[in-house]
Amino acid sequence: SQQIQFADDMQEFTKFPTKTGRRSLSRSISQSSTDSYSSAASYTDSSDDEVSPREKQQTNSKGSSNFCVKNIKQAEFGRREIEIAEQDMSALISLRKRAQGEKPLAGAKIVGCTHITAQTAVLIETLCALGAQCRWAACNIYSTQNEVAAALAEAGVAVFAWKGESEDDFWWCIDRCVNVDGWQPNMILDDGGDLTHWVYKKYPSVFKKIRGIVEESVTGVHRLYQLSKAGKLCVPAMNVNDSVTKQKFDNLYCCRESILDGLKRTTDVMFGGKQVVVCGYGEVGKGCCAALKALGAIVYVTEIDPICALQACMDGFRVVKLSEVIRQVDVVITCTGNKNVVTREHLDRMKNSCIVCNMGHSNTEIDVTSLRTPELTWERVRSQVDHVIWPDGKRVVLLAEGRLLNLSCSTVPTFVLSITATTQALALIELYNAPEGRYKQDVYLLPKKMDEYVASLHLPSFDAHLTELTDDQAKYLGLNKNGPFKPNYY
């Protein structure tokens, strides 16, 4: 399929010759071949790569310049990506159809900070179809699909994001979403908590007027519970990370499929017989281990929680300390959501050509900063792949500079994102429309009934037919015929 993809890309470039003639055409083609290792083949005209999007004056076809993306001219490629994603996100489309008449988000002004991919674009456009106004930034500096951001900007969404932002750009984009004359956000959709943190710190008066926050990552939810514990959370928040449909699907099943994808695209590694250590055996760790085991890798697990450790043992994995196996393993994968899990000391003891990557949300798990020292040489060998070379010639292969591997280096199955996105949309609708007093200033789980509704919206894709309880059976189980079928803590 790699061949076919390149052939297609060649046709793209012959169909749309670049402005500056042959020379840059060959540059674009080589650009696309390195980019096929990243989230999406990029159609960027590489001649304008030198200018930061912040310096450019761009307008969409309606004359609006209320956005900042890499290149607005890529909008039609992005539109095609979004249309392809819609095919596999039928639940969101049916949500649009179902709620079109009543517009449950009319008057909602949502500021969002998520990965900006074709799949989140389907979510953003669904929120708009349900009546919301949206302003959007990226929660990860590498995962933005430039052509998708362009398509959103063309469609009138105020989006501020491009692939490869600097740290300064990252916060600038978030600020541009919040700090607007005559527009005050009343809902936050966050992935990782950076947007919430920024509004809380920089714009306390805006923060107090927010009606609800929806957060979808372990890291961001942890930050919300910290705020709540300190009595500083003056807004109800919905933790969709821990709703079953998010946990089991996005964290477990999705990582089970995308871990191999990310590793293969960046390193072409063969897994049979390789020794791999997975740090953390939560849902993400479980997914990674299952996939690696299936390909014949020898998998070790590190864990701090005795329950997760026992689960790993039952699934047939050796539970070890990282320091016990660091000298012999070929691959190290972090999935803890913690910081400094892989330290400089560990990195010093790794064997030559060990691959190091992170599947957790933030880039704190691997101590990458400790590698930026004069005695180590960094060599960029491919998009998102660095060789860090020690004085004795030993190399460690670092992927995506320790950031999220699957979103930085490959793609995530659309179907899984449909589940997460539907959950987020319903959480926003629930918080926005909740009567005064239903939600206090605290962190809530999505009501189980809605969790089940999200699952039921996805069953038609598999032509799955649910059995219905008889009145007698429902009475026997002490359940309502229509659910919820599980207690809230499940």
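In case you wondered, yes, glycine gets a Cβ from its N, Cα and C as well.
Automated prediction, rather than curation, is the source of TrEMBL annotations.
According to TrEMBL:
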REGION    1-65  region 'Disordered'
COMPBIAS  26-45  compositional bias 'Low complexity'
BINDING   Thr117, Asp191, Glu216, Lys246, Asp250  substrate binding site
DOMAIN    251-412  domain 'S-adenosyl-L-homocysteine hydrolase NAD binding'
BINDING   Gly282, Glu283, Val284, Gly285, Lys286, Gly287, Glu303, Asn406  NAD(+) binding site
Let me know how many other Cβ atoms fall within 10 Å of the Cβ of Gly282 (NAD(+) binding site).
20
Any idea what the Cα distance is from Gly287 (NAD(+) binding site) over to Asp191 (substrate binding site), rounded to a whole Å?
20
Round to a whole number and give the Cα-to-Cα distance in Å for the pair Thr117 (substrate binding site) and Asn406 (NAD(+) binding site).
13
When the number of other CB atoms within 10 A of each residue's CB is tallied over all shown chains, which of the binding-site residues Gly285, Gly287 has the maximum?
Gly285
Just to be sure I understand: of Asp191, Glu216, Asp250, which binding-site residues have a C-alpha no more than 10 angstroms from the C-alpha of Glu283 (NAD(+) binding site)?
Asp250
Cα-Cα separation of Gly285 (NAD(+) binding site) and Lys246 (substrate binding site), in Å?
15
Asp250 (substrate binding site): which of the binding-site residues Gly282, Val284, Lys286 is the nearest Cα neighbour?
Val284
Which ones in the same chain are close to Asp191 (substrate binding site), with CB under 8 Å and 6+ residues apart in sequence?
Cys113, Thr114, His115, Cys139, Glu215, Glu216, Ser217, Gly220, His361
